[in-house]
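Only one structure is covered here, and it is reproduced in the block below.
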């Protein structure tokens, strides 16, 4: 390995370990709490599911990175297809569960008098379940694309050098275009959640100012915490999606590809750390664990 690959390896392994520790921590804490209380809140259920799928996403990204750094000349069709399917599934559920968490915060925290908003708020659990199940259509579409890519790769193995180059280029472009189109929907939903939360917060602050009350009330703090979680998800997800698209266009450019994979890996690792810090229960357990480790 050259110097760049060594640097990328160190950063990638740091993100991988950090992300796995954070997501395993979330899963274990919420599981223990569920066993003790014999119930689990909707928010904890969503966050736990996110953590589990992010562990899978991190492993899929690590495998992809490993194949380009250590075995770039190995052309194993089965491994490519398996890696593509694993990444597609974990990426899909990570993305949509993050979007559903944004919607959950919006409906639980925002205060609007709109009749449709109030109706959806009353049926929130059912609404989120329908969205989660409905999003599976996007997953089926993407897995269909992976299958088409498999057929293309089989043709590549049987074709000449020119055919190989053209088919690689076509499948890469098609894959990235489909990825972009599919991810517009959850990104748009999350963006709307951010804007509506900001509008709800500004309306609340105006009411507080009108009645001569301070701005540091409970509702304001809850709005701010929710915005921190949702905005961080949106920004990290946008960065991650951009890295996936750029890396898909730069498969032949190893430095660019490795850089994009490294930057993109911060999304499933970094946002989970933000979730821990923004959740009172997880934060308390984490701080308690740190104090015990220092003793």
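Backbone N, Cα and C atoms are what each Cβ position is placed from, and that goes for glycine too.
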Confirm whether, per Swiss-Prot, residue 254 lies on the same side of the membrane as residue 67.
yes
Transmembrane segment per Swiss-Prot sits at which of 157-177, 178-198?
178-198
With pairs fewer than 6 apart in sequence excluded, do the transmembrane segment (256-276) and the transmembrane segment (46-66) have three or more C-beta pairs that lie under 8 Å?
yes
Most Cβ pairs under 8 Å to the transmembrane segment (81-101), of 6-26, 128-148, 256-276, goes to 128-148
Please indicate, using numbers and ranges, the residues of the same chain that are 6 or more beyond the topological domain 'Cytoplasmic' (199-228) and have a C-beta under 8 Å from a C-beta there.
105-106, 109-112, 274, 278
Looking only at the topological domain 'Cytoplasmic' (199-228), how are its residues distributed among DSSP helix, strand and coil?
23 helix, 0 strand, 7 coil
Beyond a gap of at least 6 residues from its ends, the CB atoms lying under 8 Å from the topological domain 'Cytoplasmic' (102-127) belong to 42-43, 46, 189-190, 193-194, 196-197, 200, 203-204, 219, 222-223, 226, 229-230, 233-234
